[in-house]
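Remarks on the structure that follows.
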Amino acid sequence: MRPFHGTTVLCVRRDGKVVMASDGQVTLDKTVMKSTARKVRRLAEGAVLAGFAGATADAFQLFELFEKKLKEHARSLPRAAVELAKQWRTDRMLRRLEAMLVVADREHILVLSGAGDVIEPDPVPGGGVVAIGSGAPYAVAAARALLGHSALPARQVAEEAMKLAAEICIYTNANLTFEEL
């Protein structure tokens, strides 16, 4: 799978709050095609947050499949994620999808990849954090620093971390979208 350009999706958990944020930039090769895309959404009647990096059409297909898995497994996020990853890895058509997902509920934050990975990041002092996309390393570093050395709420940690990622990563802009639990 080739690296994805054109997005940063960040998920932060602190004090019982979960915030998922994304930038709005869509890049095709070396051209910015759109600056206000929504890459995060609510699933399972608002109980789950999901964000994507990669091909948009592929991500929407994966959102649909993931929502079905959530229904099949009584909204168990880890179980639904593992079942989607198994299907994604073994189905010939799904294997060609080029996207990554971050999914979260109040207890779990997971990253799903087309390689069949389901990763739950280690907790960090003050909460939990994960990001995908080209600006992920910058957003994670900033969020971890803020979680460990400030009392900012989850939403503000996500906002400041995404602003920093937008300043550094040329494939990430500052038109931010947030979803919260």
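Using the three backbone atoms N, Cα and C, a Cβ is placed for every residue, glycine included.
Features reported for this protein in Swiss-Prot:
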- T7: active site (ACT_SITE)
- A166, C169, T172: Na(+) binding site (BINDING)
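Features per Swiss-Prot, on structure.
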residue	record	Cβ within 10 Å
T7	active site	30
A166	Na(+) binding site	22
C169	Na(+) binding site	22
T172	Na(+) binding site	30
Three-class DSSP secondary structure - C169 (Na(+) binding site): coil
Cβ-centroid neighbourhood (8 Å) of the Na(+) site, A166, C169, T172 excluded: T8, D23, Q25, S134, G135, Y138, A139, M162, A165, E167, I168, I170, Y171, N173, A174
A166 (Na(+) binding site) to the residue listed as 'active site' - Cα separation in whole Å: 10
